[in-house]
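I'd like to ask some things about the structure below.
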Amino acid sequence: MEWEEIYKEKLVTAEKAVSKIENHSRVVFAHAVGEPVDLVNALVKNKDNYIGLEIVHMVAMGKGEYTKEGMQRHFRHNALFVGGCTRDAVNSGRADYTPCFFYEVPSLFKEKRLPVDVALIQVSEPDKYGYCSFGVSNDYTKPAAESAKLVIAEVNKNMPRTLGDSFIHVSDIDYIVEASHPLLELQPPKLGDVEKAIGENCASLIEDGATLQLGIGAIPDAVLLFLKNKKNLGIHSEMISDGVMELVKAGVINNKKKTLHPGKIVVTFLMGTKKLYDFVNNNPMVETYSVDYVNNPLVIMKNDNMVSINSCVQVDLMGQVCSESIGLKQISGVGGQVDFIRGANLSKGGKAIIAIPSTAGKGKVSRITPLLDTGAAVTTSRNEVDYVVTEYGVAHLKGKTLRNRARALINIAHPKFRESLMNEFKKRF
């Protein structure tokens, strides 16, 4: 049977597709911009048909209606990363959080520590051979589909076709729902003086020919702003946003010096505007792979001069980093931070950077603290922290004693907190 006939046989409405999900199933949603909006909406709309579905995903870009009060009988969310629409549910006990490194998520599915009953995915239209691309969301979505008993795909004509190892054949999909809604977009944030100063300090650590990992938000965008005079930069990152695209167009990022996948931008997912999605569509420079490859520290380390740039909530004077909680309150997750810090530390000539504003709470709270808040999660241990950067400078911690680490961190804290930090330093050292 030709793939076109298979496709037509599997084509149903969103309501019909989700009706195939059985009670008490574990349902994995595609990640971030890849969230299959029509399928999720149909699931929530028909909530009364379900009892005890476990909803698993990382970042949700939608409204997260399945986590709202009154939904507990129908849905229980298991967050692998806590985002804006799921934070309240996790901290109030209506949802759960599973700590994990991003690169390990596919193994949770494949090794059946989290057996997948249903995968709800969003993919591109099929090519002439019947292959759909996972587009903006390869990450754990492809492994989830490969592990699931039931695969329901939202085939969106607006999903870009990304290359690499990013494909699923229509014969491997159980039900197909066609969609034409625009992909969710994330607009670039406005950059303030603090972010620009941090970006400039980070950029001073990046040499020509380096391979970069950056996240999303004001600080990564500020770093990119100060890379315009660099040469032959490369990208091996869990994600990219619009700023990377602009540096490619400017010729700054060309991936020529990469020692792994030379000439290629390697990512596992994307978040940005339609311009970015159009840029990656059928672009042979951009390749996506599942997160157990892209974020594996033993893969990352194969890039010489690998520079990872991540942020956090707090750093204490020993160099311990909390990136996911305020005390006991879970506000995000581990994500790929530790994956890339470890990979950069193992890389020949690599650098692992934690970049943060010196204060929080409108300047009332120092992010550099004597100790992490009670109950705060240690996301990155003091043994793995290399550089810490604020708007006031750079602290290089690798190889330093606890005493010298503390002094270096106090020197880049906000001036109004340095005296109190030094007083705590004197009590301990």
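Cβ coordinates are placed from backbone N, Cα and C, and glycine is handled just like the others.
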Given that Swiss-Prot assigns G215, I216, G217, A218, I219 to the CoA site, pick the one from G93, G327, G333, G336 that the record assigns to that site as well.
G336
Measure from the CA atom of E238 (active site, 5-glutamyl coenzyme A thioester intermediate) to the CA atom of G336 (CoA binding site) and give the result in Å, rounded to a whole number.
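A Cα-Cα distance of 7 Å.
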Through the lens of DSSP with three states only, how would you label I216 (CoA binding site)?
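In the DSSP reduction, I216 (CoA binding site) maps to coil.
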State which of the following binding-site residues has the fewest other Cβ atoms within 10 Å around its Cβ: G215, G217, G336.
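Relative to the other binding-site residues in G215, G217, G336, G217 has the fewest Cβ atoms within 10 Å.
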Round to the nearest Å and give the CA-to-CA distance linking G217 (CoA binding site) with E238 (active site, 5-glutamyl coenzyme A thioester intermediate).
14
Specify the count of other C-beta atoms within 10 Å of the C-beta of A218 (CoA binding site).
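So the Cβ neighbour count for A218 (CoA binding site) comes to 19.
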